[in-house]
């Protein structure tokens with residue numbers, strides 16, 4: 001039997017210039033031989049039996065620059081996507097069509113965003129992933145700060161388009177949005193460490209967790225000649241055989257199925273039920289501010305207190321679904337603002353927890369492939385969610401069924417998380433035999 005405490009006492013930290021601690025573990029004799037790579041270690045001198053190279057996140061330093069950049073990216077991207085509902089009436093009048101058909105355009109935008117990886121998703125996905133690689137102890141807090149960019153975008157964009165640019169038509173506002181989109185490309189430049197740091201890092205960040213491998217796997221794994229090896233490393237389709245991963249993915253699908261309905265139709269529903277347009281605009285603002293509070297609170301609670309991530313996610317999703325269903329009970333202005341605030345807080349908690357659940361359940365080394373495939377499920381939900389909500393509105397003449405649909409879908413996503421831990425324990429026991 002391996003004496004794990006004895007093996008671990010021999011560990012000595014070695015940090016490169018960029019603050020990354022690199023550990024080399026012999027995979028053929030687990031815990032019997034643990035080596036640390038110093039600054040003068042070369043990859044060619046590693047044991048030929050095969051060793052896994054793991055780069056530990058620096059928990060700060062350049063990572064906080066990454067957090068600021070990803071905050072800005074989410075501010076712009078999600079601000080554009082979530083506030084599309086502000087333009088429904090203007091575009092419908094200009095093109096002489098129904099608001100339901102206009103909403104379909106946003107459904108295609110969000111669906112293709114998740115599925116194709118082009119444009120917005122190139123920055124969105126990379127900004128979510130890169131933060132996890134720069135933080136370990138403060139990962140929850142960094143993720144929550146980064147994701148607050150989304151809620152701040154929801155808060156600020158209605159003010160920009162509804163107040164500052166109130167006299168401009170929707171085409172002019174779209175030009176402003178495109179200019180904001182260019183800002184994301186500048187922020188993405190910070191994801192790469194500068195040349196000086198990379199030259200002095202020896203193993204450096206090019207040995208990121210996405211490239212963890214062993215000599216044995218390199219000798220025995222075969223790839224198609226035309227398929228880049230970096231792509232093969234990023235997509236671990238064997239995860240689709242895992243029932244626990246499928247539960248997380250379908251939970252994310254049902255979450256997103258109801259996610260965009262409030263952002264898309266809350267202003268329209270308020271105005272059709274007697275609330276003035278100037279006041280209805282601020283429902284989105286209130287929702288965005290509350291969302292910021294929810295995301296920050298989530299990160300702080302997870303960073304400073306030992307909270308069960310799955311339980312927190314289950315509770316927040318359940319609350320979100322119930323709030324959506326209850327929001328149709330009254331169209332009193334105070335009640336609508338109360339529902340918007342509570343919804344913003346609860347969905348903010350749930351969104352931050354999603355990547356953390358993946359890391360906790362499957363490990364950091366599988367975050368890239370698992371989160372990427374999880375987004376495929378969410379992309380399908382984006383393509384279906386808004387059209388279904390719009391169809392229900394057209395069918396019944398009211399937005400209430402659309403909110404009921406979103407609420408029940410969100411509650412279903414919470415219920416799928418209930419057996420997750422026990423199912424994963426069964427999978428782990430089966431792997432041991």
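Counting begins at 1 with the first residue displayed.
Yeah, the Cβs are placed from backbone N, Cα and C, and that goes for glycine too.
Unlike curated records, TrEMBL annotations are generated automatically.
Annotated by TrEMBL as transmembrane segment, the relevant range among 35-61, 62-88, 170-196 is 62-88.
In TrEMBL, the transmembrane segment annotation falls on 309-329 of the listed ranges 204-224, 309-329. Between the transmembrane segment (403-420) and the transmembrane segment (244-267) there are at least 3 Cβ pairs closer than 8 Å, counting only pairs 6 or more residues apart in sequence, which means the two stretches are in contact.
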